[in-house]
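Colleague: Structure provided below as structure tokens; questions to follow.
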Amino acid sequence: MSVTGQDNKELQQEFVIVGEPIVPGIGLGKALLLGKSSLRIRELTLPQEEVEHEISRYYKALKRSRSDLAALEKEAKGKQGYQEIASILQAHLEIIKDPLLTEEVVKTIRKDRKNAEFVFSSVMGEIEKSLCAVQKTTATRVDRVQDIHDISNRVIGHLCCQHKSSLGEFDQNLIVFSEELTPSEAANANPEYIRGFVSLEGAKTSHTAIVSLAKNIPYVANFTTELWDTIKEFSGTLVLINGDKGEITFNPQLSTIQTYYRKQASVSVTVPVQVQTGKNLPLISLSAQIVSTEELPMIERESPGTSVGLFRSEFMAFSLGRLPCVEEQADQYAQLVQFQCSDIHVLRLFDFGEDKECPCISSSHRSVRWLLEQEKVLKEQLQAIAIVSRIGRLKVLIPGVIDASEIALVKRLFQEEIRLLKGISENILWGSMIEIPSAVWMIEEILQESSFVALGTNDLAQYTLGTSRERSLLGERSRVPHPSVIRMIHHVVEQAKQKNVPVSVCGEMAGDPALLPMFLGLGVKELSAVIPAINSLKMRLLDLNSRECSRLTKQLLRAKTYEEVHQLLYV
């Protein structure tokens with residue numbers, strides 16, 4: 001399938017627009033504009049004798065939709081690094097299997113003798129209304145509403161025998177523009193030819209962003225409607241997308257393209273990255289965040305030598321739909337320990353609760369308190385870690401601690417497992433995740449129990465500012481750390497320096513190249529980011545000077561508002 005170019009000579013000059021960077025990376029291709037569905041749902045009253053046929057037609061559309069999603073999920077499960085995509089598609093399958101979408105729709109078709117498209121669309125509309133009524137406006141709600149739209153479009157498409165072209169069918173390099181890019185559209189995309197996504201609205205925490213990130217497809221979003229109307233005029237023209245800076249360049253000159261790709265090629269350097277300080281000292285190292293050991297070959301391919309700075313072990317349960325047994329865990333952890341790199345890998349204990357509910361255990365607690373409540377689950381995970389410690393060293397991170405007593409308790413339980421498994425020697429370094437304000441102010445005591453600490457910036461910002469974790473709906477502020485969060489990071493780093501305990505940063509902030517000068521100035525020793533962001537961070541590091549970073553950080557620590565921080569970091 002091909003895309004034709006734009007003939008208007010007035011549109012041939014290089015033209016740049018800027019949105020919000022969602023997924024980092026550089027991509028080049030023709031602009032493909034996906035239009036909104038043109039289907040108009042009409043309300044029809046059916047003769048009584050056609051009602052059962054209409055119900056049969058609806059069941060067939062549901063069955064085809066389930067088959068579509070099941071095929072996508074199966075494909076995702078079979079690919080490295082696609083576990084989160086599979087989880088999202090599994091959630092779509094669960095929604096489409098909900099009795100409400102069968103019993104309620106069928107009941108209404110029979111009772112009112114209305115056509116399936118109209119009844120199904122009405123039911124989905126009611127579900128959307130109920131979501132909006134019970135949830136405040138957060139990116140989580142937006143995600144769920146988008147999931148409803150995605151499923152609704154798929155089923156109605158089958159009912160009306162109309163489907164959009166799959167993004168897996170194209171055979172030329174494209175940058176896809178869409179007002180509302182859905183998770184299943186992104187999941188369909190072939191990253192060999194789909195080189196970038198651009199949407200009118202979007203969020204870093206959205207399901208679409210998660211899919212794009214897993215596929216390593218750059219993504220830029222959030223434009224004004226006026227600017228989006230301008231974008232439509234450039235359908236079919238050559239586009240360069242810069243997911244690091246949020247820049248979209250239409251009709252890029254050859255010199256512009258060469259500059260981007262030359263700079264990108266220059267960052268194939270080993271880790272830790274060395275920053276020019278006059279003495280060429282390695283001030284900061286970059287590590288990878290992963291959800292599965294299937295992502296390890298991607299690290300080897302994209303950024304050789306990089307260690308794993310955060311293995312999010314709870315995603316094993318999401319992928320399996322249940323808690324993994326000791327043997328399954330030990331197999332995964334052994335693969336992690338044996339992966340060759342420049343440093344010791346970091347495994348985070350199961351981090352369940354709130355937005356990450358355990359598939360088979362419901363609890364009001366989260367993070368380490370969830371683990372301590374579910375002691376059997378914790379002991380099994382510690383047993384798997386103890387078994388693997390025979391192979392090599394491992395750093396183990398305890399999530400969401402509020403004080404030192406929780407760390408001491410986990411370590412005591414681990415010692416019990418060591419004693420039970422005779423002949424196994426402890427080969428573990430224990431770390432604490434600082435993501436709750438109480439931990440910031442108890443940091444001196446926490447450091448006494450920790451060989452390293454990791455700042456979880458997503459939750460730290462949420463609990464400090466009283467916001468949803470999905471802060472993208474705050475507009476430009478979603479990218480900007482609040483002065484209070486910057487000061488908290490500074491406090492933790494300063495206390496850790498006194499105890500000679502290394503500090504790493506993970507979360508969204510760690511993958512934002514604009515924040516690198518701040519972290520360098522604060523004295524952070526390691527950033528743990530998603531794999532596609534690592535080379536973008538390296539590119540940014542090549543431009544930095546330690547003295548300028550220190551000067552900037554002093555100004556940031558004096559800032560009093562979001563706006564002041566934004567001026568210093570992004571303008």
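Here the Cβ of each residue, glycine as well, is placed from N, Cα and C on the backbone.
Feature table excerpt (Swiss-Prot):
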type: ACT_SITE; residues: H207; note: active site, tele-phosphohistidine intermediate
type: BINDING; residues: R312, R348, N458, D459, R469; note: phosphoenolpyruvate binding site
type: BINDING; residues: E435, D459; note: Mg(2+) binding site
type: ACT_SITE; residues: C506; note: active site, proton donor
Colleague: Among the binding-site residues listed here, E435, D459, which has the most company in the form of other Cβ atoms within 10 Å of its Cβ?
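Modeller: Output for this query is E435.
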Colleague: For each of the recorded positions (H207, R312, R348), count the other CB atoms lying within 10 A of its CB, then report the residue with the highest count.
Modeller: H207
Colleague: Report the member of N458, C506 (the recorded positions) whose C-beta atom has the most other C-beta atoms within 10 angstroms.
Modeller: C506
Colleague: Out of the binding-site residues listed (R312, R348, N458, D459), which are within 10 Å of E435 (Mg(2+) binding site), Cα to Cα?
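Modeller: Candidates kept after distance check: N458, D459.
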Colleague: Can you see whether DSSP assigns R348 (phosphoenolpyruvate binding site) to helix, strand or coil?
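Modeller: Assignment for R348 (phosphoenolpyruvate binding site) reads strand.
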Colleague: Indicate whether D459 (phosphoenolpyruvate binding site) is helix, strand or coil by DSSP.
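Modeller: DSSP assigns D459 (phosphoenolpyruvate binding site) to helix.
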Colleague: From the Cα of R312 (phosphoenolpyruvate binding site) across to the Cα of the residue listed as 'active site, tele-phosphohistidine intermediate', what is the distance in angstrom?
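Modeller: If we compare the Cα positions of the residue listed as 'active site, tele-phosphohistidine intermediate' and R312 (phosphoenolpyruvate binding site), the gap is 17 Å.
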Colleague: According to DSSP, does R312 (phosphoenolpyruvate binding site) fall in a helix, a strand, or coil?
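Modeller: In the DSSP reduction, R312 (phosphoenolpyruvate binding site) maps to strand.
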Colleague: Looking only at C-alpha atoms, tell me how far D459 (phosphoenolpyruvate binding site) is from C506 (active site, proton donor), rounded to the nearest Å.
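Modeller: Checking the Cα atoms of D459 (phosphoenolpyruvate binding site) and C506 (active site, proton donor) gives a distance of 10 Å.
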Colleague: Given R312 (phosphoenolpyruvate binding site) and C506 (active site, proton donor), what distance in Å do their CA atoms have, once rounded to a whole number?
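Modeller: Checking the Cα atoms of R312 (phosphoenolpyruvate binding site) and C506 (active site, proton donor) gives a distance of 11 Å.
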